[in-house]
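For reference, the structure discussed in these notes is given below.
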């Protein structure tokens with residue numbers, strides 16, 4: 001019997017709190033990303049930047065440009081959240097390809113938590129940009145009759161965001177596992193190459209959708 | 001047929017039927033985007049970004065079916 005993809009395996013317990021595998025993997029990823037960023041930005045120079053700095057600048061500028069084009073606004077206030085989301089998702093989706101590790105995003109909890117972050121950030125940034133009353137009034141546009149539908153849309157967007165990420169990453173790993181158990185050692189290699197692409201595409205889509213939602217709440221683009 | 005067999009059958013039907021609609025829709029979306037890029041190559045950036053977002057939206061339908069199938073197989077409330 002294959003273990004259920006809907007429940008996360010428990011690694012150890014701290015008293016009543018059980019620490020599951022995705023939480024542990026996320027801690028590892030956080031440590032790697034934080035230490036990597038700290039080490040890479042230790043020696044930044046304006047003249048004659050090093051190789052690492054040039055690569056980092058490329059990443060940050062690409063993120064900046066994509067977010068700016070999507071939101072049609074200055075990306076600077078949103079780059080910390082959306083950029084971190086993208087970098088975390090990209091690394092998290094790709095950890096599934098390292099032998100012995102499993103993507104934390106292949107569990108519903110991680111995907112749900114990330115979608116919750118996006119949902120709360122959307123509300124907070126919307127309130128900050130338009131004021132509490134102005135933001136809440138946006139839910140009753142174009143007519144107050146649509147108020148329940150707009151609130152429902154806000155919640156289902158977050159739900160579909162989490163389910164999309166979870167479903168894609170989990171199904172990719174699931175298919176690789178099934179093909180491996182049916183066919184043998186090297187047969188799933190093309191599937192893993194596809195998973196490499198899909199993981200990055202999913203990270204991109206999650207970030208872009210978060211940018212679209214936040215842009216809609218802030219008012220820089222049409223509410224999606 | 002007991003409830004297990006019915007669950008497995010229904011999960012298979014959910015995934016296979018649920019894949020048809022999104023597959024056709026994604027094909028149409030990609031075809032339209034290709035045509036647009038061929039006509040206006042300078043708009044390729046905007047088009048492909050919109051295409052990706054749209055594809056993600058369409059794909060969600062298939063993913064919902066997959067989640068229903070998984071619920072039937074692994075978290076069935078009637079077993």
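Using the three backbone atoms N, Cα and C, a Cβ is placed for every residue, glycine included.
Please treat TrEMBL annotations as automatic predictions, because they have not gone through curation.
TrEMBL lists A:6-35, A:78-100, A:106-127, A:174-194, A:200-221 with the feature transmembrane segment.
Distant neighbours of the transmembrane segment (A:200-221): 66-67, 70-73, 78, 81-82, 85-86, 89-90, 93-94, 105, 114, 118, 121-123, 125-126, 129-130, 135, 138, 157, 161, 164-165, 168-169; these residues of the same chain sit at least 6 beyond its ends, with a Cβ under 8 Å from one of its Cβ atoms. Comparison of A:6-35, A:106-127, A:174-194 by number of C-beta pairs under 8 angstroms to the transmembrane segment (A:78-100) places A:6-35 first.
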